[in-house]
Amino acid sequence: MYGSSRHHLDSFSSNDGNAFLVQVGSRTFEAHELQKLIPQLEEAISRKDAQLRQQQSIVEGHIKRISELEGEVTTLQRECDKLRSVLEQKAQSAASPGQPPSPSPRTDQLGNDLQQKAVFPADGTQQRAKKIAVSAEPTNFENKPATLQHYNKTVAAKQMIRDAVQKNDFLKQLAKEQIIELVNCMYEMRARAGQWVIQEGEPGDRLFVVAEGELQVSREGATLGKMRAGTVMGELAILYNCTRTASVQALTDVQLWVLDRSVFQMITQRLGMERHSQIINFLSKVSIFANLTEDRISKIADVMDQDYYDGGHYILRQGEKGDAFFVINSGQVKVTQQIEGEKEAREIRILNQGDFFGERALLGDEVRTANIIAQAPGVEVLTLDRESFTKLIGDLDTLRKDYGDKERVATLVREPPSPVKIVDDFREEFANVTLKNVKRLATLGVGGFGRVELVCVNGDKSKTYALKALKKKHIVDTRQQEHIFAERNIMMETSTDWIVKLYKTFRDQKFVYMLLEVCLGGELWTTLRDRGHFDDYTARFYVACVLEGLEYLHRKNIVYRDLKPENCLLANSGYLKLVDFGFAKKLASGRKTWTFCGTPEYVSPEIILNKGHDQAADYWALGIYICELMLGRPPFQASDPMKTYTLILKGVDALEIPNRRIGKTATALVKKLCRDNPGERLGSGSGGVNDIRKHRWFMGFDWEGLRTKTLKPPILPKVNNPADVTNFDNYPPDNDVPPDEFSGWDEGF
C-alpha cells in the first residue's frame, strides 16, 4: 500500500454482470457512486494541503523570527562586551598597571585559597573582558649582600608561621630552603583594636601572617569575613605591584609577622640563582658535557630532578641496567664492587657533594659496574634520565663518537639561519619627523600607561601610523623605566613581518612616544570575542604566525613574556603581528631573568614561584594561547589572580578541558607545551621551534605558504581606507592631563 486508511475495501461483486458493488466497511456502494465522491475527496485533500502549507509558513516565520532575535541578542552581547572592554580599559588608565581586575565580592587575595579546579562555563555564559598585564619592578640581587636580616622568634612562633605557610596553596610550593629563610626574615608588627592594617585601594608590598588576635575583612564597607591566628593575608603583594582589593581592621589587639616584597624576591631569586649556578658548576665537570654550550647545560640543569635517599639505601646495584645519571647535592655515598672470588663487596671509594656517577648510562643501556650506597644520615642527589637528556641534546651518536675529545666542536645545538640582512633601513624616512609633524586622527586603545592613537605625518592621510603615548609620571611611580627602555631597544633591533615595526620615538615633559606600524585589522582578541571561538583551521593559522614571531625573537635571545590575543594585531592582509614589548627582555646565553611580569592567566609556574625563567616561558604561554583561541577563554582563570596562580601551579593535567571544541591532537600539543618543568616543554629541546612545527596538530600545514604570504588567511579584515578604525572599539577622549616629569630618566629615549 502507498498510504493508509481507517477503511478498507472488503470485496467486489456484480449482481447482474453490469453493476459493480463495492463494500467499504459495513457499507456497500455502487461504482458510479464512488466515482462521484472522488472530486469531493480531492477538494478535501486540497483544503488540508492548504492548511498544512499555511501552518508550515507560520512555523517558518516563527523560526525566522527566533533566528533574528538570537542575532539581536548576539549583537547586543557584543556591544556589551565592547562597552565593558572600553570601560575597564578607561578605569585602568587611571590605575596602576600592576593592579589586577577586582575580584568578585565573595573572594579576596587576603586569605588562603580554596581547593578548586578550573571549570569551563557553558557556551556563551562567560563575559569576555580584556586581560590586564601585571609587573613587579625589575630586580637584580646579584650584587647585593649575601646575608638577609633575620629576626628573633620563639620556636613556637616559627612553627606557627611554618604551619600557616604550609596551609597556603601558593606559599607551600616554595622550596624547603626558601620557606626556612622566609620564616627567619619575617619581622613583628602589632596593631591596636580598631586600627587599620590594610586599606582598600592603597598600594601593597607586604605579606602578613596573623599570630594573635582577630581581624575583620571588608570591601566597600561590606564585611567579607574574619581572620584569626595562623592565617596568611596579602600574598599577591609580594609578587608584583598591586593595590589592595580589601580593607583589614583589627577587632582586637593583634600580633602579625610581616614579610616585605623586596625581601621575598631576594630570598627566592638568590636561592634559585645559587642552586642553578651550583648545578651548572657540577655539570661542567662531567666529561660528556664538557663541550656543550652554556645555554644547553643550563637547560640540562632545569630538567634535573631532586631525590633523597636515607642512609643505607642502595641507589644503584651492580649488574642492573641503568638509564640515569646522578650528581650528589649534599651528603655522601659509598661505592662498593663485588670482585670475583671475594665473598664481600669491596669498598672502592666515598663520593661527596659535587661528585657524580652513572654518566655513561645517558649514552645507552649500561650495566652498572658497582653499588652506590647512601651514607647516614642520608644523601640528596640530582637526577637526569636518558629520555630527558636525549630530548635536550638530540643526536647521541655525536657524543659517543667524540666522547673525551677536548678539541671537539659543539655541534649539538641547532643553529638557525641568520635573518636576512635588510638592504633599506625603513626608519630612514622618519629621521626628520618630529611631534609637530604628527596629527592625531582617532584612538585605537587605552591602558594604564596611556593611549594608542591613529596618526598621520605632515597631514598625509594616505599613510597612517600608531602613536603610543606613555605617561612619564606613571612610569616613574610604578618603577617601570627599565621595561620601557627595553621595549624601545628591542623593537628598534627587530625587523620582521611577524612583529609590528617601530619607526621612531619622541619625548616631552609629560609623555614618551613610540611611532609604530599600524594594523587596521584590529586586535585578534576583538575578533575572538565577536566570534566566540575559532575552529582548528583558524586557530592553527594564528598559532603559526605567533610561532614565526617567537622563533625570530628567541634567535636573538629575547623572551617575549606577554603573549595573548590582545597583543596580536591583524594586518590588512589578515596576517598576524606581535605588538607590545613592554615585558620583553634580551638574555645572555644560558641565563635567566627573575622579574615577575606577564598576564596572570598566561604566566608560567616558574614565574609565579620566582625560580627564574627564559624563553621556555613563551612556550607555556603558547599552549595557553592555543586553548584560548579554540575555547574562547584561557584554561586557567579564577575570580582573582591568586586563585588563578593556584590553578596554574596544580598543572595542566589537573584541568578538565572540554573536547567539544578542542580535539585530542590539539590537547596533546597544549600538554606538551605546558609542562611544569621548563626544560621538558616542546620547543625547549634540541629541535627548538621545529619540534612544535612537527607536531601532529600542524600536519599538512603550509609553512612555506605562510612565510611567503601566499597562504590564504582564514579571516580577511574589512579595511576601507588608511584611516578606517571600525575594527577597533570606540574610546572616549581623555581629558586627564598628567603632570610634568623632570627626573631625566628618559634621556636618550
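Note: Cβ is positioned from N, Cα and C throughout, glycine not excepted.
Annotation source Swiss-Prot lists active site, proton acceptor at ASP562. Within 10 Å of the Cβ of ASP562 (active site, proton acceptor) there are 24 other Cβ atoms, across all protein chains.
Annotation note: ARG244 (3',5'-cyclic GMP 1 binding site) sits in a coil segment as assigned by DSSP. Sequence annotations record features per position, and here Swiss-Prot assigns 3',5'-cyclic GMP 1 binding site to GLY234, GLU235, LEU236, ALA237, ARG244, THR245 based on similarity to another entry.
In sequence order, LEU316, GLY322, ALA324, PHE325, PHE326, GLU366, ARG368, ILE372 make up the list of same-chain residues 6 or more apart from GLY358 (3',5'-cyclic GMP 2 binding site) whose Cβ falls under 8 Å from its Cβ. According to DSSP, GLY358 (3',5'-cyclic GMP 2 binding site) sits in a coil region rather than a helix or strand. The feature 3',5'-cyclic GMP 2 binding site is assigned by Swiss-Prot to ARG349, GLY358, GLU359, ARG360, ALA361, ARG368, THR369, TYR403, with similarity to another entry given as support.
Annotation source Swiss-Prot lists ATP binding site at LEU444, GLY445, VAL446, GLY447, GLY448, PHE449, GLY450, ARG451, VAL452, LYS468. VAL446 (ATP binding site) counts 21 other C-beta atoms within 10 Å of its own C-beta, drawing on all protein chains shown.
The coiled coil feature in Swiss-Prot is assigned to 30-96; the stated evidence is sequence analysis.
Feature annotation from Swiss-Prot assigns domain 'Protein kinase' to 438-698; the stated evidence is sequence analysis.
The average pLDDT for the domain 'AGC-kinase C-terminal' (699-749) in the predicted structure is 93. Look at Swiss-Prot and you will find 699-749 tagged as domain 'AGC-kinase C-terminal'.
Summarising the annotation, Swiss-Prot assigns region 'Disordered' to 87-111 (among others).
Annotated region 'Disordered' per Swiss-Prot: 723-749 (among others), in sequence order.
Secondary structure of the motif 'Nuclear localization signal' (461-473) per DSSP (helix as H, G, I; strand as E, B; remaining residues coil): 2 helix, 11 strand, 0 coil. Under the heading motif 'Nuclear localization signal', Swiss-Prot lists 461-473.
Only residues 6 or more beyond the boundaries of the motif 'Nuclear localization signal' (461-473), in the same chain, are considered here, and those with a CB under 8 A from a CB of the stretch are 438, 440-441, 444, 449-455, 484, 500, 503, 507, 509-520, 722-723, 738-741, 745-746. For THR369 (3',5'-cyclic GMP 2 binding site), the nearest neighbour among the binding-site residues GLY234, ARG244, THR245, judged by Cα separation, is GLY234. Burial estimate for the binding-site residues (GLY234, GLY448, GLY450): highest at GLY234, by number of other CB atoms within 10 Å.
Residue density at LEU444 (ATP binding site): 25 other Cβ atoms are found within 10 A of its Cβ, drawing on all protein chains shown. Per Cα geometry, ASP562 is the residue among the recorded positions ARG349, GLU359, ARG360, VAL446, ASP562 nearest to GLU235 (3',5'-cyclic GMP 1 binding site). Taking Cβ-Cβ distances under 8 Å and a sequence gap of 6 or more within the same chain, the neighbours of ARG349 (3',5'-cyclic GMP 2 binding site) are LYS334, VAL335.
For ALA237 (3',5'-cyclic GMP 1 binding site), the nearest neighbour among the binding-site residues ALA361, LEU444, GLY450, judged by Cα separation, is GLY450. For the pair THR245 (3',5'-cyclic GMP 1 binding site) and GLY448 (ATP binding site), the C-alpha distance works out to 17 angstrom. The binding-site residues considered are THR245, THR369; of these, THR369 has the fewest other C-beta atoms within 10 angstroms of its C-beta.
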